[in-house]
Amino acid sequence: MQYFVNVTLTGLTEGMVYAAFALALVLIWRSTRIVNFAQGSMAAATTFIALALIQDGQSYWVALVVALASGFVLGAVVERVVIRPVEGGPELNAVIVTLGLFVAIQAGIAIVFGSSFQSFGTPFGLQGFQVGDDRIALTPNSVFVIVSVLLTMALLVVLFRFTRVGLAMRASAFGQEVARLLGVRVGRMLTLGWALAAVVGSLAGLLIAGGEFVYPAYMDSLIVFGFVAAVLGGLDSPVGAIVGGLVLGLALSYVSGYVERGSALVNVAALAILMVVLLVRPGGLFASSTARRA
Amino acid sequence: MSDLQSPAAPAGRADDEAPGPATAAADEPTPTGRRTLLPGSTLLRHLLVLAVAAVGAVVLLEITDPFTNSQLATLSYYAIAAGGLTVLTGMNGQISLGHGALMAVGAYTTALFLSAEEPLPLPLILLAAVVVATAVGALVGVAAARLHGPYLAGATLALAVGLPGLAIYFHDLLGGEQGLRVRAPRAPEAFDSFISAVSGNAASNTKWLAYLGAICLLITYFLLANLVHSRIGRTWRAVRDQEVAAELAGIDLGLWRVLAFTVSAAAAGLAGGVLALVVRLAAPSGFTLVLSLSLLTAIVIGGLGSLLGALLGSALLVFLPPFVTDLGSDWGLNDTEAAQLAPFVYGVVLVVVMIFAPAGVVGTVRRRWLTRRATRSAAGPSGG
């Protein structure tokens, strides 16, 4: 029973990170109908910036703020420079451009920061809380992970629901022509959308790195998990991304915890889940029926 | 309604006729009144090209040093896989980021069959690699046929990241992280005497593998070139360019998509088999996501939808890294940093090509050529 609780808690914590990463993909998909396969590399880049600052003696929080800020800039630059020319074009071209970015940024990280494994610290402990006589798999760090993802989601809800900028962004995503006629600077809103998504992605990258080793390709699985989570939720729905992330986190945690040598099967399990969902419900669990055609 | 858009629309313009190797010019329908020395039948023309290419391959392999020989062996398996991917992505408009995983299937099959006490003859083993990869490809293809664009990319991405995990899980059979060593069979005596008859050089094992790769490459491209010029190829392009019209014409879109995936997986399986022989190892580290993305790079740079483009792109994959790495060392980068310069260049080139020349090298050159020819013979419509 205690083992089950621990596996579940681990799954929920990791699921929150997948949810955040999926949310970043969904933000971009909603505004530009592009899946940003470079998301993982971009997040890795900002994580390495944070790592460099921490190794330089700065505090975790300074590093966190700088990493998120550089994520914002990176997202905006990427949208302006390389995504703008392929936006609205054939799907294949956009996919290939984000894949090119994926490879280039990952190699760039290796050139600038080296490709060795480096440990990434956490602001909080990795020792599980004591409940009665047992230690459970909920650590101060996982509380930090869960709280920061929830906080980010709350901030996004406030932004999109209650501010003028949020309204303009929703309008740009919903109908570019109409929004433009009503005086919305659509281009600017799309750039902002990519920048915000990159911030959320960077946060996910930093959170998954905490207490682990990082290397330029450490986000490779996460881009798959994030994509699977987003597709589980329908790719179009922020709520779906969160639910999808949690479901995936739990599922993968159970595979890794209950199947013998299951940790080798985590990526395969993600593949299997994706295949089943796409075959049974290609639109995802939360998507409106038209979402995939738009 | 992105369903209606052809995923490779800009590339597709100039690609209506996809060339076999080195036949870019010959493939254009000859306008009346223009004489050509090449035979009119596609099959005969491809046989002629095959013969010329075979002679060219022998000459190339005999005049180059052993190191270049081994580079050419590497080129052959990249090009075989890229040729298959061209059929899938270029002709049929389905993107796959999972072809590295399908190569792994071929490589592991080859390694397992070769590790038997009394291994089967090599052609049979490679055929087995093709068959197994084809079966896996058909399975994936059934799922993939219902997906498009980013969904397909994501699903095949998951394949590339997930499948090597199986090799670690079944480590008793597949050797885990270390992988399986491959005992490449010795060259037959007929080969040795052939080499000494042709050039007087001694036949080394490296050379044998290079020849093996070249033979597989020529056979694959010959078959693929004929396939894409047949009714099957035209149907694939119809499915890619005019989904609705194709469906109205009674074409079962799903079936043809699965077929394209299967054919392309067969090529990937053969490529994996050749890779296992050349590298002498089938291990998860050999089939990273970067491999799958490199194949995509090759076909995009060469020109989506052209086998010649796939060959050129593969050559770039083989010959660019040493060049770029040297350049990096000259700039004062250390070895590991310099090694990352090649993927960096691939990535940048992928982005730049997609933005400025989506038709790739072959497509862009061909389009220029067609435009020039059209303006020259302005009297009537030419070139189809």
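Including glycine, each Cβ sits where the backbone N, Cα and C put it.
Annotation source TrEMBL lists transmembrane segment at A:6-27 (among others).
Residues of the same chain lying 6 or more positions beyond the ends of the transmembrane segment (A:34-54) and with a Cβ under 8 Å from any Cβ of it are 21, 24-25, 28, 60, 62-64, 66-68, 70-71, 74-75, 78, 83, 87, 94-95, 98-99, 101-106, 108-109, 112-113, 118, 120-121, 194, 197-198, 201-202, 204-206, 209, 214, 216-220, 222-223, 226-227, 235. The transmembrane segment annotation in TrEMBL covers A:34-54 (among others).
Annotation source TrEMBL lists transmembrane segment at A:60-82 (among others).
According to TrEMBL, the feature transmembrane segment maps to A:94-117 (among others).
According to TrEMBL, the transmembrane segment annotation covers A:137-160 (among others).
The annotation transmembrane segment is assigned in TrEMBL to A:189-209 (among others). Outside the transmembrane segment (A:189-209), and at least 6 residues removed from its termini, the chain residues within Cβ reach (under 8 Å) are 14, 16-18, 20-21, 23-25, 27-28, 30-32, 36, 39-40, 42-44, 46-47, 50-51, 64, 67-68, 70-76, 78-80, 83, 87, 120, 145, 148-149, 152, 156, 159, 165, 168-169, 171-173, 179, 218-219, 222, 226.
The annotation transmembrane segment is assigned in TrEMBL to A:239-259 (among others).
What TrEMBL records for A:265-287 (among others) is transmembrane segment.
The transmembrane segment (A:239-259) is not in contact with the transmembrane segment (A:94-117), judged by fewer than 3 CB-CB distances under 8 Å for residue pairs 6 or more apart in sequence. Recorded stretches compared: A:60-82, A:94-117, A:137-160; the one with the most Cβ pairs under 8 Å to the transmembrane segment (A:6-27) is A:137-160. Only residues 6 or more beyond the boundaries of the transmembrane segment (A:137-160), in the same chain, are considered here, and those with a CB under 8 A from a CB of the stretch are 5-7, 9-10, 12-13, 16-17, 19-20, 23, 27, 122-129, 166-167, 169-170, 196, 200, 203-204, 207, 210-211, 238, 242. Below 8 angstroms of C-beta separation, residues 32, 38, 42-43, 45-47, 49-51, 53-54, 97, 101, 121-123, 190-199, 201-203, 206 of the same chain, each at least six residues beyond the ends of the transmembrane segment (A:60-82), sit close to that stretch.
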